[in-house]
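Quick notes on the structure that follows.
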């Protein structure tokens, strides 16, 4: 590997030095005034390291904001600033209406842990660090969402403007493309997570940024800067490790680089950058497993078909396989609760045994895969049903959404009972099998225990009304047309698959490879998802719409280009 690849990257040019100086002043002010410690009351042995990371975080925010401003005379950046401003204003207005945000139970766990300066790594250590850095910057719970909306706004502005200016010369047509892409990043499911603390939101927009960079680099003339290539590497690592199903980026990254190799300096080793992505990604995966102190999270990827596989396995033929699995999974728990999902058994019945070894875990995975290949239809059926529910196709029963679909984005932060409980108690929702999904208002209790300023909604009734609109559910628990259109993954999936076939027929292998980013994620989530949540598909959902709208627009644009030029 060539050391020149590293040496040629300038860490600090004059612009970066100014950004660092500004960030340093802000950082010192926050620490000297105690601002960065307002929310956090615990202590940590890694406080110094986290403080330095906070400085890096502030530098990132300052530098990218300043980069927009100093390039304002460039039409591309001026447009990017307009798009970013529009996104930020729109989402901040929705945030104010739904204040303190569409916070879920997992968010509360992260907030509670950071309050005590401990890291809740079940959602990945990157998520825990992200929460910490946001709480040091804006020390109240909704501060994290404000920072997130700001970061996303920068990404949206830069990405959409870059794509539009790279591919469309006609100003009027460019505006149409910008509007189409802008709409797709504000569809209701995307918005519902952008206004929460879930990692899936920022992750989805990092994927948008990666796609925008790849397809604009392919279009541009000349050689790209080393800084830009390094940025792609960092993005790829984040996308590969922040969610476990993103590991396929390690494989697709070299493929995509080969398509843009003519934009990379000949003396630059592509193998070097690919090796960096692979090595760092694998190390970070290992580090997160160590932080979790077990392989329990990885095992959840086997949960969806697990009960049916175990119950329907041949006790004689599959005896050895079941024996290996029983060292990690308590099979008796499944036998005693045949109608329960593995996820529910995991949280309520201690499905995973304690103290299993790493060798036991590896043997379990091998045994699980053997059982899947021996009984493929048995495994496929629950995966398919889970996919249909996640995609918004079968989450409806007699016109009512099932609670287990995670459709209820409006939480119970300020209510004495959940929305499902209210519907049942008021005899609006029938006492069917849905009743077993009644839950205690754990989210409300968790939110009450979060010691943070600005906790109360601006208007409670308005908050409920707006969040119901986002969820696509009315006050009687019925789904609306908004749900059927927007909480539906099949629409963008079918669109992007048609575009994929079209690009294959046109021998546009590059865009076809980019679409594979969406299709590979969909396939991996399909086989590893443990619950029927659209959340798992949000990156694919948004990227599918972005790519589909872009490809369809370009087909019409190219067909009318002579007319536009005239």
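Cβ from N, Cα, C; glycine included.
TrEMBL lists 20-40 (among others) with the feature transmembrane segment.
When Cβ-Cβ distances below 8 Å are used as the criterion, the transmembrane segment (52-69) is approached by residues 15-16, 18-20, 22-24, 26-27, 30, 36, 77, 80-81, 84, 129, 132-133, 136-137, 147, 150-151, 154, 157-158 of the same chain, each at least six residues removed from its ends. As annotated by TrEMBL, transmembrane segment applies to 52-69 (among others).
The transmembrane segment annotation in TrEMBL covers 81-105 (among others).
The transmembrane segment annotation in TrEMBL covers 145-168 (among others).
TrEMBL lists 174-193 (among others) with the feature transmembrane segment.
Tertiary proximity for the transmembrane segment (200-217) is limited to same-chain residues at least six positions away from its ends with a CB under 8 Å from its CB atoms, namely 130, 148, 151-152, 155-156, 158-160, 162-163, 166, 185, 190, 193-194, 224, 228, 231-232, 235-236, 238-239, 242-243, 246, 256, 260, 263, 511, 514, 517, 535-536, 538-539, 542-543, 546-547. For 200-217 (among others), the entry in TrEMBL reads transmembrane segment.
Annotation comment: TrEMBL describes 229-258 (among others) as transmembrane segment. Away from its own ends, the transmembrane segment (229-258) comes close to residues 9, 124, 126-127, 199-200, 203, 206-207, 209-210, 213-214, 264, 268, 270, 273-274, 276-278, 280-282, 284-285, 288, 297-298, 301, 513-514, 516-517, 520-521, 524-525, 528, 536, 539 of its chain (Cβ-Cβ under 8 Å, at least six residues beyond either end).
The transmembrane segment annotation in TrEMBL covers 270-287 (among others).
TrEMBL lists 481-502 (among others) with the feature transmembrane segment. Residues of the same chain lying 6 or more positions beyond the ends of the transmembrane segment (481-502) and with a Cβ under 8 Å from any Cβ of it are 187-189, 390-393, 395, 401, 407, 469, 471-473, 512, 515-516, 518-519, 522, 534, 537, 540-541, 543-545, 547-548, 551-552.
Annotation comment: TrEMBL describes 509-528 (among others) as transmembrane segment. Tertiary neighbourhood of the transmembrane segment (509-528): same-chain residues 207, 210-211, 214-215, 218, 244-246, 248-249, 252, 255-256, 259, 301-302, 304, 383, 387, 493, 496-497, 499-500, 503, 536-537, 539-540, 543-544, 547, 551, selected by CB-CB distance under 8 Å and a gap of 6+ residues from either end.
The list of residues near the transmembrane segment (534-557) in space but at least 6 beyond its ends in sequence, with Cβ under 8 angstroms from a Cβ of it, reads 163, 167-168, 170, 173, 176-177, 180-181, 184-185, 187, 189-190, 193, 198, 200-201, 203-205, 207-208, 211, 243, 245, 390-392, 405-406, 487, 489, 492-493, 495-496, 498-499, 502-503, 511, 514-515, 517-518, 521-522, 525, 564. For 534-557 (among others), the entry in TrEMBL reads transmembrane segment.
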